[in-house]
There are 2 protein chains.
Amino acid sequence: MQFLDIREEGFQAKFDAIVERGEESGREVEGVVLDIISAVRSRGDEALLEYTRRFDRLECAAAGLEVTQADFDRAFAQVEPQDLAALKLAVERVARFHEKQKQQSWISTEEPDIMVGQKVTPLSKVGIYVPGGKASYPSSVIMNAVPAKVAGVGEIVMVAPTPGGEANPHVLVAAKLAGVDRVFRIGGAQAVAALAYGTATVPRVDKITGPGNIYVATAKKLVFGQVGIDMIAGPSEILVINDGSGNAAHIAADLLSQAEHDELASSVLITTSRTFAEAVAEEVERQLKILPREGIARKSWESFGVIIVAGNLAEAISFSNRIAPEHLELAVENPFEILPLITNAGAIFMGHYTPEASGDYLAGPNHTLPTGGTARFFSPLSVDDFVKKSSIIHFTQGGLQRVGNEIVRIAGLEGLDAHARSVSLRLK
Amino acid sequence: MQFLDIREEGFQAKFDAIVERGEESGREVEGVVLDIISAVRSRGDEALLEYTRRFDRLECAAAGLEVTQADFDRAFAQVEPQDLAALKLAVERVARFHEKQKQQSWISTEEPDIMVGQKVTPLSKVGIYVPGGKASYPSSVIMNAVPAKVAGVGEIVMVAPTPGGEANPHVLVAAKLAGVDRVFRIGGAQAVAALAYGTATVPRVDKITGPGNIYVATAKKLVFGQVGIDMIAGPSEILVINDGSGNAAHIAADLLSQAEHDELASSVLITTSRTFAEAVAEEVERQLKILPREGIARKSWESFGVIIVAGNLAEAISFSNRIAPEHLELAVENPFEILPLITNAGAIFMGHYTPEASGDYLAGPNHTLPTGGTARFFSPLSVDDFVKKSSIIHFTQGGLQRVGNEIVRIAGLEGLDAHARSVSLRLK
């Protein structure tokens, strides 16, 4: 962990090393991934089965790739009632939030001779990638599938590698609760390729979302354009802004909840109180020792943990806006007063009783958030990601008459006579 | 031009060749573009000036790259009053449409102990790329800058190469009318790199939009993630659905307005009337001869023009949805009746008096549209492209108490104890 003063010399340079920890290393795997994509594209199921056998040690016929109703029934039987209730609450709350994001189609009628509008249409089919193994999180399923369902997507197809064949029961239960239509036991670049181009068994989708390792991320980048994708996620981060109020143990726990994710995660506290800063530093050390994932959390905290003392809250906010953190906690007395000043952040956790973990699971907003400073221009995953818009334009002959000369003039400026003719032919 | 019957054998295979005409060829230029980006990133203005000298034959100091007020004044003096009026009308109408796309920040208050919401914030700075030479269109400037302005972007920076040094006056005038703040005489991959990373002269932006050649498109793809980008545009297309009503000469003119854009453009008519189909084919031949851009239009029409006879309107619509055209004309008696059936299209031009050219310039909706079937998942450029959203989450202690156990349970399922602890510490 680094303990920095925002006004010390070289502060920015020291911090930049943290920001750039995620600089992409995808180019070396690009060749491998390209081969996998072109094999699945040209040989379909045959290639998909080969890779699944090789990478996931799963030997089966194409039909065996799909999770069956019996698999789902078994999964439901394995899940504790209280866990089921918790997952149901999460689905319900996340759905309620995302319902508010739905946009309506509209058409303007203020100029009856020239009506314009926008049609909002759900995507027909989407694919959701869920990682296998340790990072197989039911909350990821919920956060990807629920917005798609709320958007009205026709078919939601989930893929999840099942090394050795057994799927995570909580993931299957979450999929069913969230409205996923079909689940396939495939993963890696081959799963992304199958969703992008379709095989005899796996349907071609219009968009692929969800987290994954470097092979999955590279495959998503390479099929982008053939299908839509969500943002490419980098390592995760939290920034806590504090004004000296609150409880150091709480803030330490929040910093560690980020650090336990992976060794590249970054946890940053910026506070106006040196006393508070020191108390948090001590608390982190104390709490680290009792964490089951101490190894990961300690590595992350040592490499990319930072505590910064700022001169005042305005300085802290301006620093945060420069960083554009994925998760931003406003652990201050009056968080609503400073909310309007926050220009760049994925999700903003307000006040002393809103730990980041609340938003990870069931507050309602999506936990798929822009990382690595991309909150400057990316937004959280939302219902908008699962619809597309079409413009609507309707001219009557009178409407075209009214503005036709101007259209013809601009077409003329651009040297596009056929454009001009398509209008002038309809005038007079 | 191919004349096809939708029910003939091999129809789909014949059509697929058209659809795949735009398959990307960007990989070979990737090496060149990577070099340019890394030179500009590491050497800034010095590299930018070198490339500008080499590619645009423009020799100047860094400060000379920026268009001055005197340049703008000269441009305004060169533009005909009627052209100025037409451009002003376009800006005004496009702004009025995009105003309707603006979304508000919101916060829910139905659960006072757990408030959630969404903050909408304009991007701070955006870069707009405008091609030089023949394809230097004032309408592109308007269609990119106006939504950014309406969104409330802090600074709009435009780049446009000026081979030999002279900027297109209509482009400069459009920039001023549309609210562009600064214009630089740079282009190509070097301009994209300068906008993405910033140099001493050119500010770093948060997002880059606008059309460009293969070097520009490749550069945009490569800096994606460092900055946001709009979609990568492929060759343009129009699909006209017709029910036998209307005027064959009008439809022929519309098909040619697409064909004159470039040799890779594709113009497709699908009609339920063989008589109408034949009349349009004849009209296209007749009109081609009188077009100034006959060469380009004829090449496009011969290679990628198609007239299809469909059995009925439902067949035509289902075909169109499969193609997901950039521009879709519903040249039918009752276009509003079939609008709900259209699931994939960039812009929908309704009825017999709405030629595509109307939407290109001043109907109001954006002319930057998803090409090559990507209307399955992409939307027209909009105000949404120039804002980003942040989730807002606020728990009171009572709110956290109410759902805390469920958060702890899900964290437990995922093996993330520090997540659970950050909540349980705050309970009771």
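Note that Cβ sites are derived from N, Cα and C of the backbone, with glycine treated the same way.
Sequence annotations record features per position, and here TrEMBL assigns NAD(+) binding site to B:Y129, B:Q190, B:N213. Residues annotated as substrate binding site in TrEMBL: B:S236, B:Q258, B:H261, B:H327, B:D360, B:E414, B:H419. Residues or ranges marked as Zn(2+) binding site by TrEMBL: B:Q258, B:H261, B:D360, B:H419. The active site, proton acceptor annotation in TrEMBL covers B:E326, B:H327.
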Candidates from B:Y129, B:Q190, B:N213, B:S236, B:E326, B:H327 close to chain A, where recorded positions are judged by Cβ under 8 Å:
none
For B:D360 (substrate binding site), the number of other Cβ atoms found within 10 Å of its own Cβ
27
Which residue among the binding-site residues B:N213, B:S236, B:Q258 has the fewest other Cβ atoms within 10 Å of its Cβ, if you could check?
B:N213
DSSP secondary structure for B:N213 (NAD(+) binding site), reduced to helix/strand/coil, please.
coil
Determine, from DSSP, whether B:E414 (substrate binding site) sits in helix, strand or coil.
coil
Is B:E326 (active site, proton acceptor) helix, strand or coil when read with DSSP?
coil
Please list residues from the chain of B:E326 (active site, proton acceptor) whose Cβ is under 8 angstroms from its Cβ, counting only those at least six apart in sequence.
B:S236, B:E237, B:I238, B:A345, B:G346, B:A347, B:L369, B:P370, B:T371, B:G372, B:A375
Using all protein chains in view, find how many other C-beta atoms are within 10 Å of the C-beta of B:Q190 (NAD(+) binding site).
30
Filtered by Cβ under 8 Å and at least 6 apart in sequence, the residues in the chain of B:E414 (substrate binding site) near it are none
Neighbours of the NAD(+) site B:Y129, B:Q190, B:N213: Cβ within 8 Å of the Cβ centroid, same chain, sequence order.
B:P131, B:V159, B:P161, B:G187, B:G188, B:A189, B:A191, B:V192, B:G212, B:Y215, B:V216, B:A219
What are the sequence-distant neighbours of B:Y129 (NAD(+) binding site), meaning same chain, six or more residues apart, C-beta distance under 8 angstroms?
B:M158, B:V159, B:A160, B:G187, B:A191, B:V192, B:L195, B:I208, B:T209, B:G210, B:P211, B:G212, B:V216, B:K220
Under 8 Å Cβ-Cβ from B:H419 (substrate binding site), six or more apart in the same chain: what's there?
B:I407, B:A411
Hey, of the binding-site residues listed (B:H261, B:H327), which one tops the CB count within 10 A?
B:H327
Write down the Cα-Cα distance for B:N213 (NAD(+) binding site) and B:H261 (substrate binding site), rounded and given in Å.
14
B:H327 (substrate binding site) to B:N213 (NAD(+) binding site): how many Å between their Cα atoms?
21
B:D360 (substrate binding site) versus B:Q190 (NAD(+) binding site) - Cα distance in angstrom
28
